[in-house]
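Presented below is the structure to which this report refers.
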Amino acid sequence: MSHGDTIPLHSSSQSDIDEIENLIYSNPSTVLPARPPSPPRAAIPVSSSPFMPSNLRPPPPPTSTTTNNYKPTPVPAIPSPPPLPSSGQSNIAATGFGSPPNTLTEPVWDTVKRDLSRIVSNLKLVVFPNPYREDPGKALRDWDLWGPFFFIVFLGLTLSWSASVKKSEVFAVAFALLAAGAVILTLNVLLLGGHIIFFQSLSLLGYCLFPLDVGAFICMLKDNVILKVVVVCVALAWSSWAAYPFMSTAVNPRRKALALYPVVLMYVSVGFLIIAID
């Protein structure tokens, strides 16, 4: 069979082709849809209000009976805070609550009065009998160095006034002896394992000089050797009694003598200066 030969179609196939051509040429613009159209979708309502409408029914309006029987629930009143004391910040700082008072903007006289009251309070706790003498932490919890500095300077001035010659040298020797002695005694207690703060020990030893200050002032007024010996002995006993409970409780009981002996030796040296200066 060659390429030019044709095969005749079947009569039924030819009729189908003719029918399709008739349909195409009769309605050329009509195109059957490939699939049925999709059903329309429901539209979503858009509202400008930020709140969604509620389907609940609104509550009925109150009637006259309901209004008459309605009683509002009493709300308990909040109690007002107690008034602050008149002293203000000083009492708050004394109890340990709140911020400390601002001492940079207060008047100078208020600062002087506060320091003087602290010196008097610490002097009573150290030198005079009180229930806190057996506990150094309670006795000198609010320690300061103004009181010891004042007592050292006062003793040096008293000894220099009592001297007839070389007053400045007497003051320098007394001041150096007391200041260096307090530092050495404090280091001695710390090296013995004492549980005490360095400056707290300096404050204690300085306050214990108060009896010797009184004795030196009396000896300056009355130039009598016998009176000087008696007054100095009483002042030495008083100063040693004041320093004993603090130094003895700060170190181990086995080392108590090692801590007390240098203290008594320094006070004896000061007493000797009071008697010897003429």
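Each residue, glycine too, has its Cβ placed from N, Cα and C.
The following features are taken from TrEMBL:
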REGION    1-99  region 'Disordered'
COMPBIAS  43-55  compositional bias 'Low complexity'
COMPBIAS  73-85  compositional bias 'Pro residues'
DOMAIN    140-272  domain 'Yip1'
TRANSMEM  145-163  transmembrane segment
TRANSMEM  170-191  transmembrane segment
TRANSMEM  197-218  transmembrane segment
TRANSMEM  225-246  transmembrane segment
TRANSMEM  258-277  transmembrane segment
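Listed by sequence, the residues of this chain that lie at least six past the ends of the transmembrane segment (145-163) yet keep a Cβ under 8 A from its Cβ atoms are 115, 118-119, 122-123, 170-172, 174-175, 178-179, 182, 199, 202-203, 205-207, 209-210, 212-213, 216-217, 219-220, 270, 273-274, 277-278. Outside the transmembrane segment (170-191) by six or more residues, the chain places 148, 152-153, 155-157, 159-160, 163, 198, 201-202, 205-206, 209, 247, 250-251, 258-259, 262-263, 266, 269-270, 273, 277 with a CB less than 8 A from a CB of the stretch. When pLDDT is averaged over the domain 'Yip1' (140-272), the result is 86.
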